[in-house]
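These features come from Swiss-Prot:
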ACT_SITE  Cys41  active site, thioimide intermediate
ACT_SITE  Asp48  active site, proton donor
BINDING   Val63, Glu64, Leu65, His82, Glu83  substrate binding site
Amino acid sequence: MRYGEKEIQEFDPKKDLEIWPNKHNKPYKIKITLPEFSCLCPRSGYPDYATMHLEYIPDQYVVELKALKLYINSFRNRYISHEDSTNEIFDTLYSKLKPKYMRLVADFNPRGNVHTLIEIDSEEIEKVSNG
């Protein structure tokens, strides 16, 4: 097993998803594109590919980019649906970073004539929750 495979296989987001202190007091937005997301369809086992678009306004923390890359890559051999993977990534990052705002868009490549786009927005969640 090569070192990269080992890092991905052993990645544990609870301990390995590194966050850093945000040194800036002014509000600013971070936009990250992760074009190589992959996971396995829980029904067929076929691979699913997506581009993840993450944007957030940090409060006290920012995510370390190599750790984020390894976290995203850790899905590549998991049997998980589009909805579950997107929600898990959003929930994990949101709970670790506690940002002022976060939005995750998962743009899955078409497969079987179906194109899936999943968006999770912390402001929308708050609006719906507060009714």
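Cβ coordinates are placed from backbone N, Cα and C, and glycine is handled just like the others.
Note that the structure is a prediction, hence the values are computed from the model and not measured.
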Using a 10 Å cut-off on Cβ-Cβ distances across all protein chains shown, tell me which of the recorded positions (Asp48, Glu64, Glu83) has the largest neighbour count.
Asp48
How many other Cβ atoms are found within 10 Å of the Cβ atom of His82 (substrate binding site), counting all protein chains shown?
17
Taking DSSP three-state, what's the residue listed as 'active site, proton donor' in: helix, strand or coil?
strand
I need the CA-to-CA distance for Val63 (substrate binding site) versus the residue listed as 'active site, proton donor', whole Å please.
25
If you draw a 10 Å sphere on the Cβ of Leu65 (substrate binding site), how many other Cβ atoms land inside?
13
Can you tell which of Cys41, Val63 has the most other C-beta atoms within 10 Å, given these are the recorded positions?
Val63
Whole-number Å value for how far Cys41 (active site, thioimide intermediate) lies from Leu65 (substrate binding site) (Cα to Cα):
26
Do you know offhand how many angstrom separate Glu64 (substrate binding site) and the residue listed as 'active site, thioimide intermediate' by C-alpha?
28
DSSP three-state call for Glu83 (substrate binding site): helix, strand or coil?
helix
